[in-house]
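See below for the structure under consideration.
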There are 2 protein chains.
Amino acid sequence: MTIDRESETPDTLGGVGELAALKRIFPRLPSAAAELIGPGDDSAVLATPDKRVVITTDMMIHGPDFRMAWSSPYDLGWKAAATNLSDVAAMGAVPTGLVVAIAAPNDTPVSSLEAIADGLREGCESLAPGSGVIGGDLSVSTVLTIVITAFGDLEGRAPVLRSGARVGDVIAVSGTLGLAAEGLRLLFTEGVVDGEPDAAAAATLATQHPDAIAAQLRPAPPIADGKAAALGGATSMLDLSDGLAIDARRIATASGVGLDLSSEAVGGRVQLDGGEDHSLLATFPEGATLPAGFRAIGRVVEGEGLLVDGVAYTERGGWDPYAGWDGAAG
Amino acid sequence: MTIDRESETPDTLGGVGELAALKRIFPRLPSAAAELIGPGDDSAVLATPDKRVVITTDMMIHGPDFRMAWSSPYDLGWKAAATNLSDVAAMGAVPTGLVVAIAAPNDTPVSSLEAIADGLREGCESLAPGSGVIGGDLSVSTVLTIVITAFGDLEGRAPVLRSGARVGDVIAVSGTLGLAAEGLRLLFTEGVVDGEPDAAAAATLATQHPDAIAAQLRPAPPIADGKAAALGGATSMLDLSDGLAIDARRIATASGVGLDLSSEAVGGRVQLDGGEDHSLLATFPEGATLPAGFRAIGRVVEGEGLLVDGVAYTERGGWDPYAGWDGAAG
């Protein structure tokens with residue numbers, strides 16, 4: 001048999017190499033309005049007219065963070081953008097730029113990288129218009145790994161921290177509660193065949209529960225509401241990544257107060273414990289008009305930790321990557 | 001046999017969990033003079049008095065980028081800092097901050113993470129005093145992965161790009177040429193037992209060839225010379241990551257000129273093709289006084305690509321992560 005090197009290495013990263021892959025990915029990436037020097041030099045240069053820049057970084061790793069049978073490459077690009085943009089928004093900032101580091105197996109089709117770029121582009125354009133990718137790194141690993149660092153502009157405002165909640169403040173949220181976790185629960189229970197993640201089962205699920213599956217695989221957090229909250233006088237804010245219970249406790253601890261949630265306003269357990277909504281949890285001064293998008297769900301009280309209807313809520317809930325991952329990928 | 005859960009999960013990431021690990025890592029990280037808001041909120045905030053920020057990102061992945069038998073965790077932290085700081089310096093900027101994303105296997109000792117933090121701290125303090133870690137992310141993966149995004153201040157200067165070399169300019173370099181590659185060659189030939197990376201063999205090598213092994217495992221690129229080059233009028237600059245031949249061609253292509261190197265000034269093949277020196281290659285106007293640290297190695301000429309002693313040099317050389325990695329780790 002004649003060895004045909006071309007057909008041995010079809011259109012994969014290992015087949016075409018780093019430079020050829022980058023040439024196909026670059027044109028698909030969104031450009032940033034604040035980009036002064038973009039990809040192609042040793043570093044990028046981003047405009048920061050405010051003399052400060054908001055910076056956050058987050059990894060998405062095949063196995064603990066996503067399954068290939070459930071998430072398309074497009075979904076991965078979108079979600080990586082969304083989760084990082086949300087951390088910028090949670091400071092009251094407007095997202096401006098991202099750098100993207102991707103390590104992928106040698107046999108990854110270049111088309112998968114193109115689809116990740118498409119998801120990044122449409123995620124940025126849809127959730128944070130004007131933001132874009134200003135640089136990155138492409139490398140090889142046996143585990144598909146996407147690492148985004150995102151940047152934002154405070155436009156002269158003070159950053160909204162976790163530590164500013166005051167007794168009497170209204171607790172409010174913009175975005176879904178528990179919907180992304182409901183999507184994940186559905187995928188793990190009904191998106192499997194013989195216990196293994198299954199693409200066809202997930203596709204069926206997505207037609208039956210489009211909102212929950214989309215909230216998990218292609219979230220659309222309320223990025224613009226971060227700036228709106230800051231302009232509306234928010235005293236504290238964060239992005240709900242690990243669930244309302246855990247994240248509300250973070251504001252309580254940082255601010256030295258208690259957060260008392262209304263069970264009627266919140267809903268049930270999945271709304272309290274479910275992670276990955278990337279909704280914005282904020283506190284506003286008593287009597288303030290809540291910005292459009294925010295709804296009141298409780299009150300800041302004296303004391304510490306989380307309460308529900310005035311009673312301490314101490315259940316753990318939430319996600320720790322080391323305790324929470326059983327090692328499966330798929 | 002009684003199952004002792006404590007001894008099953010000794011002092012590893014999986015045993016102590018994310019939060020406890022972070023509590024031990026944070027105090028070891030260097031703080032940045034330009035940090036306005038540090039780790040602990042959704043995002044960090046970095047001062048950028050220049051109204052611009054220089055940004056670069058780079059991944060280090062177990063297997064293609066390092067071997068655990070050769071690199072200590074401390075070395076990994078140091079090298080991750082050094083390579084990213086160098087990309088900031090190559091723009092003529094002063095490094096200010098870094099964010100660090102690390103994904104590690106569940107069974108990674110927490111002490112390894114502490115040693116990575118120690119390497120990051122001492123690397124920053126030694127190579128770029130005032131710079132520090134302002135944020136990060138810690139997650140789980142079967143492949144140890146370190147991703148740094150680094151930031152720099154142009155202090156009112158124009159960034160030094162790859163595209164500014166002009167015919168007649170002097171080509172100069174600060175730092176070693178080929179020494180890191182010589183270290184890697186020694187490790188692959190003499191730092192192995194039965195073809196596998198071996199810690200004891202590498203330790204012996206390090207006593208015999210301290211400079212070459214250090215250049216590979218714990219590089220000390222001339223970070224401050226980036227600013228010095230910019231102040232000295234450098235017309236183009238980059239960081240020598242893939243070898244002098246490949247990187248000189250990048251300046252030639254970006255600037256639309258030819259780069260003619262002197263074989264006498266450069267040395268031999270390993271100096272031309274050897275990567276990972278993270279030395280600074282720059283061009284300066286004819287007659288300019290080269291900043292201390294830089295030595296002349298050639299001249300910018302009309303034409304294109306790379307020449308050596310006036311003759312076109314077209315050999316490929318260098319490193320592509322997809323073509324260059326055989327899949328081994330160790």
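Every residue gets a Cβ built from N, Cα and C, even glycine.
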Task: Annotated companion of B:D42, B:D87 at the Mg(2+) 4 site, TrEMBL, chosen from B:T56, B:T57, B:T108 - done: B:T56
TODO: Would you mind ranking the binding-site residues B:D58, B:E276 by how many other Cβ atoms sit within 10 Å of each Cβ and giving me the lowest?
DONE: B:D58
Open item on the list: Let me check the 10 A CB neighbour count of B:D242 (Mg(2+) 5 binding site). How many other CB atoms are there?
Closed with: 20
Task: Nearest recorded site to B:T57 (Mg(2+) 1 binding site) by CA-CA distance, among binding-site residues B:D42, B:D87, B:G136, B:R162, B:D242 - done: B:D87
Open item on the list: Need this for a regression test: binding-site residues B:G136, B:D137, B:R162, B:S241, filtered to those with Cα within 10 Å of B:T56 (Mg(2+) 4 binding site). What's left?
Closed with: none
Open item on the list: With DSSP assignments reduced to helix, strand and coil, which class does B:D65 (substrate binding site) get?
Closed with: coil
- [ ] Within 10 Å of B:E276 (substrate binding site) by C-alpha distance: pick out those among the binding-site residues B:D42, B:D58, B:G136, B:D137, B:R162, B:D242, and say none if nothing qualifies.
- [x] B:D242
